[in-house]
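Undergrad: Below you will find the structure I want to go over with you.
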Amino acid sequence: MADLDEQLSDEEKVRIAAKFIIHAPPGEFNEVFNDVRLLLNNDNLLREGAAHAFAQYNLDQFTPVKIEGYEDQVLITEHGDLGNGKFLDPKNRICFKFDHLRKEATDPRPYEAENAVESWRTSVETALRAYVKEHYPNGVCTVYGKKIDGQQTIIACIESHQFQAKNFWNGRWRSEWKFTITPSTTQVVGILKIQVHYYEDGNVQLVSHKDIQDSLTVSNEVQTAKEFIKIVEAAENEYQTAISENYQTMSDTTFKALRRQLPVTRTKIDWNKILSYKIGKEMQNA
């Protein structure tokens, strides 16, 4: 280990540490951070050199955060990043500071939204919240309305997780949907992501994503929001069903092929009658 320390520069150590942190499984950021901290053995170097990794992890994972004084959680995403550690809560029209290491929101202040697209954003958010409440018991969603390349754009983000450390597994669902508000029809683009980590007597990760494209009829705000939710629901249901079916197929075929069905003797042991076996008698006489 001493030779390795001599070979690696501080910059290289931080680069490796940052990679570990960015790729931490959902719900296991603190565990990975603490392990990396012990390995690096230099808190100042870790905090200063890997700060970007803390931020990138939260942005990638759509980390939900509760703001004191407000009922609903908001997601930390690149779409709400205002710079200098500040983020947007479009529903409550506030901005706030976010500590990427502690995952805490502070200093909420009023923030003026894009008025030209706000009515569309609100309609989509209302419909999406109802959808998320029905399909994701622990789900959180945030909807942004902004101008991108001069076009009014709606961006909808969904996050839902189950952290079961006592049962040795953690998992997170993320989806992101975008469409521009254009007359008659527009293109909806989405990406769905699933990440699950199971680590009891082993270490298995499921990391999957799917890109979606569909056309959306644009009319008034409320009707367009309803049609948008139909697209989201159909795509996410289809993806989740496909994942479940593939997982069952793997369980029935691939995983079974990895283990021996019977001992080398091709005979199952009846443990209730172990004393009747020769080995049992030998153990009894020993």
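Note that Cβ sites are derived from N, Cα and C of the backbone, with glycine treated the same way.
When I checked Swiss-Prot for this same protein, it listed these features:
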- Ala2: N-acetylalanine (MOD_RES)
- Ser9: phosphoserine (MOD_RES)
Undergrad: Tally every other Cβ atom lying within 10 Å of the Cβ atom of Ser9 (phosphoserine).
TA: 8
Undergrad: Tell me whether Ser9 (phosphoserine) sits in a helix, a strand or coil according to DSSP.
TA: coil
